[in-house]
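Engineer: One structure coming up, written as structure tokens, with questions to follow.
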Amino acid sequence: MSRSSVYRRILAGALAVGFLATGTIAVSVTAAEAAGRPKPPAIVPLLENKDAGEYYSASQLESFSRDQLYTLKKKHENTFLHKHLNLTLLGDSYTAGNGAGWYYQSKAYRSGLNWGHEFARIIKEQRDIDTVITNLAHSDDVTQDVLDYQVQNILTDTDLVMMTIGGNDVDFKHIVMRCFVPALQNAAACANLIGEAERKIPEVRERTAQIFDKLAERLKDRPKGLPKAQLTLVSYPHLAMNTPLLPGQFRCGGQGASAWAHCSVGSEASC
């Protein structure tokens, strides 16, 4: 058995015996924070057994002798039959987890409470699948950032890639402020932002397709014997409906600028 295979099984075992209480291991990569940023450093998973005081990084495991790896394998032998998923998260703040708290990459706002971790928790509970999460998503990133910096850092043995992207390309933050936040709503500003976003949608759609092409190229080099990786573009949540939730509802649901923003950009972006 190769070292990489042993390492993979050790990692699955570590998850199964509860090296992290959530049943997942979060793997983070530092992305530079501004235009012209350098290439992020290599991804280094960490195995952590707090109870036993044991910590193993990928580089440490690679330096182990065959006997050392065998000893570690035997130590967790009863856990190696657990199902295992390598999950990679790409994209912007929605996937990074901005706003969720418990950040393990403060400037990127990658959170251990994001929807990717929730997904891992659910499949653990329902399917008994242990998950290693590699979160490459970065708050404020646009489609070009994913193309330039995120895709190249994906581990080729990933099983599932999930991402949200495109919102920052169309200035989603200011659309939310001017179209949806009651205290900041402004119909004229909302109209201008929506018009500009609609003009950008075709370009965003084209770059998103380029991301999938680049992902497919990157994942051609998967280790032999692994099934094809699955690629998933996750929809942004709807912030409003095109009709009020309740009769007489004020500035929520389908009222005013928020309803128009939802119906125009929302429908166009979903095509």
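For all residues, glycine too, the Cβ spot is worked out from N, Cα and C.
TrEMBL: automatically predicted annotations, no manual curation.
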Engineer: Looking at the disulfide bonds in TrEMBL, identify which of Cys179, Cys252 pairs up with Cys190.
Structural biologist: Cys179
Engineer: Comparing the disulfide-bonded residues Cys179, Cys190, which residue's C-beta has the most other C-beta atoms within 10 angstroms in this structure?
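Structural biologist: Compared across Cys179, Cys190, the most Cβ atoms within 10 Å surround Cys179.
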Engineer: Please report the three-state DSSP label of Cys190 (disulfide bond).
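Structural biologist: DSSP assigns Cys190 (disulfide bond) to helix.
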Engineer: Between 0 and 100, where does the mean pLDDT of the domain 'SGNH hydrolase-type esterase' (89-211) sit?
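Structural biologist: Computed over the domain 'SGNH hydrolase-type esterase' (89-211), the mean pLDDT is 90 on the 0 to 100 scale.
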